[in-house]
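Enquirer: Pulled from Swiss-Prot, these are the listed features:
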- 47-66: compositional bias 'Basic and acidic residues' (COMPBIAS)
- Cys139-Cys204: disulfide bond (DISULFID)
- Cys182-Cys232: disulfide bond (DISULFID)
- Cys192-Cys234: disulfide bond (DISULFID)
- Asn148: N-linked glycosylation site (CARBOHYD)
- 47-70: region 'Disordered' (REGION)
- 1-18: signal peptide (SIGNAL)
Amino acid sequence: MSMLCYTLIIAFLIGIWAAPKSEDNVPLGSPAKSDFSDTNCAQTHEGLKTSRNTDQHHPTPKKSEDQELGSAANIIVDPKLFQKRRFQSPRVLFSTQPPPLSRDEQSVKFLDTEDTLNRNIWANNENHPVHNQGEHSVCDSISVWVTNKTKATDIKGNTVTVMVDVNLNNEVYKQYFFETKCRNPNPVPSGCRGIDSRHWNSYCTTTDTFVKALTMEGNRASWRFIRIDTACVCVISRKTENF
C-alpha cells in the first residue's frame with residue numbers, strides 16, 4: 001500500500017515538473033497569446049506603413065502594354081528560332097533600320113536575307129511602267145511598310161499579339177510588314193476604272209493573304225501565319241436588267 005502511494009506521489013511530481021511554463025517566456029502582467037498577437041499586429045501595421053510609403057515613392061507599375069501589344073525588346077529570341085523559319089515572305093522584314101518608304105529610294109539597303117526578294121518586287125514594278133496610252137490600273141492602290149503592327153488574325157481566326165521589337169543577339173530588330181491597300185474604293189464615279197457601268201456594278205476592295213510572322217504565345221515567341229493586306233482588286237457584279 002505504501003509502495004503504491006510512493007509511486008503515485010512520484011508520478012504527480014514528474015507531471016508537474018514536465019508541464020510547460022509559458023509564463024517564463026511572457027512579460028509580467030500579459031498572457032502569452034496577447035503578446036504574440038500584439039507583436040504580429042505591430043509588425044503588420046508597420047509593414048502596411050512601409051508598403052504604403054513604398055507605394056507612394058515607387059508606384060506599382062502597371063502591366064506593360066508594350067509587352068501585350070508586341071513590343072518585346074526585353075524578350076530574348078533564340079537565333080535557332082530563325083533557322084526553323086519556313087515559308088518566308090518578302091512582305092515580312094526584320095531590320096535594325098527603317099526600310100525604304102517607297103520604291104524611289106534605291107539607296108536604302110535591306111538588312112535581311114530577303115533583300116533580293118524585296119528588290120525583285122521593285123524591279124518587277126519598274127519593268128512595267130504605267131504609260132498614258134490607255135494603260136491604267138483598274139484600282140488605285142498604295143503600298144507601305146507597317147512598323148507598328150501589334151495585333152493580327154491568325155490562320156485559325158484568333159486574334160494574336162505580334163512582336164514589334166525582337167531582341168536577337170543583343171540587338172533589337174523591328175518586324176516590318178509590307179502591306180498593300182486600296183487608295184479609294186471608287187477611283188471613278190462608276191466604280192472601278194475601265195468597267196462598263198451600263199452592265200456591271202463594280203468597286204475596289206482590299207484583299208489579304210497569310211504570311212509567317214513572329215508572335216507572342218504567353219512569354220514565348222513563336223511563328224504563326226497571320227493575315228495582312230496584300231492587294232487591291234476590283235469586284236464586279238452584273239446589273240439586273242429591268243424589262
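Placement of Cβ uses the backbone N, Cα and C atoms for every residue, glycine included.
Context for these features, please: burial, neighbours, distances.
Expert: Sequence-distant neighbours of Cys139 (disulfide bond) (same chain, six or more apart, CB under 8 Å from its CB) are Cys182, Pro187, Cys192, Arg193, Cys204, Cys232, Val233, Cys234, listed in sequence order.
Taking all protein chains in view, 23 other C-beta atoms sit within 10 angstroms of the C-beta of Cys232 (disulfide bond).
The number of other Cβ atoms within 10 Å of the Cβ belonging to Cys234 (disulfide bond), over all protein chains shown, comes to 19.
When other Cβ atoms within 10 Å of the Cβ of Asn148 (N-linked glycosylation site) are tallied across all protein chains shown, the result is 13.
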Enquirer: Among all chains shown, work out which of the disulfide-bonded residues Cys182, Cys192 has the most CB atoms within 10 A of its CB.
Expert: Cys192
